[in-house]
Amino acid sequence: MDLGARALYLAGMDKKPPLILYLAAPRGFCAGVDRAVQIVELALQKWGAPVYVRHEIVHNRFVVDGLRDKGAVFVEELDEVPGDRPVIFSAHGVPKSVPAEARRREMVFVDATCPLVSKVHIEAERHHAEGLQMVMIGHAGHPEVLGTMGQLPPGEVILVETVEDVAQVMPRDPDRLAWITQTTLSVDDTAQIVAALQARFPAIVGPAKDDICYATTNRQAAVKAIAPKIDALLVIGAPNSSNSKRLVEVGRSAGCDYAQLVMRAADIDWRALEGIRSVGVTAGASAPEVLVDEVIAAFADRYDLTVELVETAQERVEFKVPRVLREA
Ligand code: SF4
């Protein structure tokens with residue numbers, strides 16, 4: 001083989017297969033997560049390390065590890081926090097008993113509960129004050145559900161996870177009921193559960209549509225827009241992130257059979273992606289953009305990559321940090 005032919009042969013060997021990467025927008029950090037992370041960073045500036053955080057501030061190991069490196073200490077319960085150090089409550093919200101205990105111990109605490117979760121807490125309290133029993137649509141054991149149910153006395157909130165659960169609801173008075181939802185559910189699945197509740201309890205009252213937040217709704221809509229175009233969908237997010245897991249389910253039900261959750265580029269199963277010509281990438285509300293960049297770079301290493309942005313909405317939502325941290 002002469003030199004020219006050999007150069008052509010090697011160039012052919014190096015040639016990467018073409019791939020279109022559809023990048024969903026909106027994706028990644030929502031205003032509630034952004035605020036919660038800022039609260040921990042500002043608390044570290046104001047009070048110095050260590051600052052304690054009850055529960056993962058947001059469901060993302062990369063974010064949590066970054067804050068830990070700066071001096072945050074993550075604990076599961078308040079009794080693990082020394083009384084002379086500040087403590088932050090996570091974006092998911094906490095049962096009323098937690099700030100009550102912090103007050104009793106005269107601790108410095110900052111509540112990073114997302115304002116859109118607090119709105120659901122207020123809704124539940126308002127209905128309770130009117131004498132209604134609540135039905136909450138959500139996932140058992142999720143911190144947001146524990147926090148919302150913990151706004152009312154035991155027995156006042158009945159949890160349903162599925163349409164089938166609705167048949168098992170045994171309220172005190174079927175005519176005195178209200179419903180609320182977790183903020184990070186599947187929009188379509190929730191609509192079915194609400195319809196089942198309304199069919200069984202015609203007098204039940206609730207929000208105009210649901211309590212699913214703008215960020216969850218927008219990220220799901222963007223996935224629905226790209227799912228029909230792609231051979232595979234990667235959702236960047238943590239296995240305990242509710243809104244990230246819902247994005248995988250939404251991708252599958254919108255027509256993309258291969259939809260996987262990955263925490264970062266190292267988790268991508270390249271063998272499973274062999275032969276694809278297009279891929280969709282999105283990120284859950286607690287996944288930082290740096291992890292999206294990492295995944296795109298990993299694809300660019302292996303493919304002759306074309307990135308196309310699919311933007312279905314623009315977000316301009318911002319939440320202020322609590323006053324006590326503003327001057328920090
Ligand atoms: S996902 Fe929605 S409710 Fe949860 S922190 Fe973000 S904006 Fe708030």
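Every residue gets a Cβ built from N, Cα and C, even glycine.
Listed in TrEMBL for this protein:
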- GLU144: active site, proton donor (ACT_SITE)
- CYS30, CYS114, CYS213: [4Fe-4S] cluster binding site (BINDING)
- HIS59, HIS92, HIS142, SER241, SER242, ASN243, SER286: isopentenyl diphosphate binding site (BINDING)
- HIS59, HIS92, HIS142, THR183, SER241, SER242, ASN243, SER286: (2E)-4-hydroxy-3-methylbut-2-enyl diphosphate binding site (BINDING)
- HIS59, HIS92, HIS142, SER241, SER242, ASN243, SER286: dimethylallyl diphosphate binding site (BINDING)
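Feature annotations (TrEMBL) mapped to structure.
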residue : record                                                     : DSSP class
CYS30   : [4Fe-4S] cluster binding site                              : coil
HIS59   : isopentenyl diphosphate binding site                       : coil
CYS114  : [4Fe-4S] cluster binding site                              : coil
HIS142  : isopentenyl diphosphate binding site                       : coil
THR183  : (2E)-4-hydroxy-3-methylbut-2-enyl diphosphate binding site : coil
CYS213  : [4Fe-4S] cluster binding site                              : coil
SER241  : isopentenyl diphosphate binding site                       : coil
Checklist entry - Any idea what the Cα distance is from HIS92 (isopentenyl diphosphate binding site) over to the residue listed as 'active site, proton donor', rounded to a whole Å? => result 5
Item to check | Rounded Cα separation (Å) that holds between HIS59 (isopentenyl diphosphate binding site) and CYS114 ([4Fe-4S] cluster binding site) | outcome: 13
Item to check | For isopentenyl diphosphate: widest Cα to Cα gap among HIS59, HIS92, HIS142, SER241, SER242, ASN243, SER286 in Å | outcome: 15
Checklist entry - Quick one: Cα separation, CYS30 ([4Fe-4S] cluster binding site) versus SER286 (isopentenyl diphosphate binding site), in Å? => result 7
Next on the checklist: Any of the binding-site residues CYS114, HIS142, SER242, SER286 with a C-beta atom under 6 A from ligand 1? Give them in order, or none.
Outcome noted: CYS114
Checklist entry - What same-chain residues, at least 6 away in sequence, bring their CB to under 8 Å of the CB of SER241 (isopentenyl diphosphate binding site)? => result HIS59, ASN60, GLY284, ALA285, SER286, ALA287
Next on the checklist: For the C-alpha pair, I'd like the distance in angstrom between the residue listed as 'active site, proton donor' and SER242 (isopentenyl diphosphate binding site), rounded off.
Outcome noted: 10
Item to check | Cα-to-Cα gap, CYS213 ([4Fe-4S] cluster binding site) vs THR183 ((2E)-4-hydroxy-3-methylbut-2-enyl diphosphate binding site), nearest whole Å | outcome: 5
Item to check | Neighbour-count leader, CB within 10 A, binding-site residues: THR183, SER242, ASN243, SER286 | outcome: SER286
Checklist entry - Can you tell me how far the Cα of HIS142 (isopentenyl diphosphate binding site) sits from the Cα of CYS114 ([4Fe-4S] cluster binding site), in Å? => result 15
Item to check | Euclidean distance between Cα atoms of THR183 ((2E)-4-hydroxy-3-methylbut-2-enyl diphosphate binding site) and CYS114 ([4Fe-4S] cluster binding site), Å | outcome: 10
Item to check | Inter-residue C-alpha distance, ASN243 (isopentenyl diphosphate binding site) and THR183 ((2E)-4-hydroxy-3-methylbut-2-enyl diphosphate binding site) (nearest angstrom) | outcome: 9
